[in-house]
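Record features (Swiss-Prot):
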ACT_SITE  Cys215  active site, acyl-thioester intermediate
BINDING   Arg73, Gly74, Gly75, Lys76, Ile77, Thr78, Trp79, His80, Ala184, Met185, Gly186, Gly197, Phe198, Ala199  substrate binding site
DOMAIN    35-254  domain 'BPL/LPL catalytic'
SITE      Lys181  site 'Lowers pKa of active site Cys'
Amino acid sequence: MSELRFVHMGFGAEAVEYQAAWDEQRRVHAARFLDEVPDTCLLLEHPPVYTAGRRTADNERPLDGTPVVDVDRGGKITWHGPGQLVGYPIQKLPRPVDVVAHLRRLEEVMIRVCAEFGVATSRVEGRAGVWVLGDPVEQRPSLGGLSLDFDPRLADDEFDPRLNGPEYAPSNAGQRREDRKICAMGIRVAKGVTMHGFALNVNPDTSSFDKIIPCGIRDAGVTSLAYELGREVTIGEVLPVAEKHLRDVLENADLKPREVERASA
């Protein structure tokens, strides 16, 4: 992959309104498709805003009628605001496009960023984003009888069977206390070029998530670097670390197209 260009759109008092950032994403996306610009990652903070992906249900929106911006990414509803580092990597991918591989690369970036700050995180089977796993729950005694619910996860609308493998922690079916999402992700690929990306909770006011069902997941919580570390953490601290790992993972990614099995005659 070509060298990754970073654009700092605005932080703190210069946080960027969501619509303005979305317009800039689309402008850069069109330019990247035409090879007028290199692969680019927009980095910024947003003023407080709720955004809803294509699969957001009405009952997952704020109950008090707080305005929501409907966007063309995958996933469901989330919140952006001060204290959250948002990144929009706009990259050209080979065809056939492997959306899950792109998502895994972004997750790997954020896992490394959190690790550098001393916070252990993981992927969770069936769920996008980066998570702090809940503590194990004490083994409960069996009540006897036959359970025919062999895999309750498959009945969960938010369980994505593509998100699995040895790099994923097992989906939490009661064996851990509440998992906590530290980095949300939602992406879109159009014309072979990526849009949208990640939102890492550095030091936000997480009470804003209380008005919604974040990412449509009812049995998990939200956390931040500051909460997990028990100290103040700033966007300025995290920004160079994020850029380092974005470069390391995305610039060195093996972007060979997947091998596609030929149809038999």
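Numbering starts at 1 and runs along the chain as displayed.
Any Cβ shown, glycine's included, is placed from N, Cα and C.
Features recorded in Swiss-Prot, as mapped to the structure shown.
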| residue | record | DSSP (3 states) |
| --- | --- | --- |
| Arg73 | substrate binding site | coil |
| Trp79 | substrate binding site | strand |
| Lys181 | site 'Lowers pKa of active site Cys' | strand |
| Gly186 | substrate binding site | strand |
| Phe198 | substrate binding site | strand |
Using a 10 Å cut-off on CB atoms, tell me which of the recorded positions Arg73, Lys181 is the least crowded.
Arg73
Close in space but at least six residues away in sequence, with Cβ under 8 Å from that of Phe198 (substrate binding site), the same-chain residues are Val86, Gly87, Leu106, Val109, Met110, Cys183, Ala184, Met185
Would you mind checking how many other C-beta atoms are within 10 angstroms of the C-beta on Gly75 (substrate binding site)?
23
Between Trp79 (substrate binding site) and Lys181 (site 'Lowers pKa of active site Cys'), find the distance joining the two CA atoms and give it rounded to the nearest Å.
12
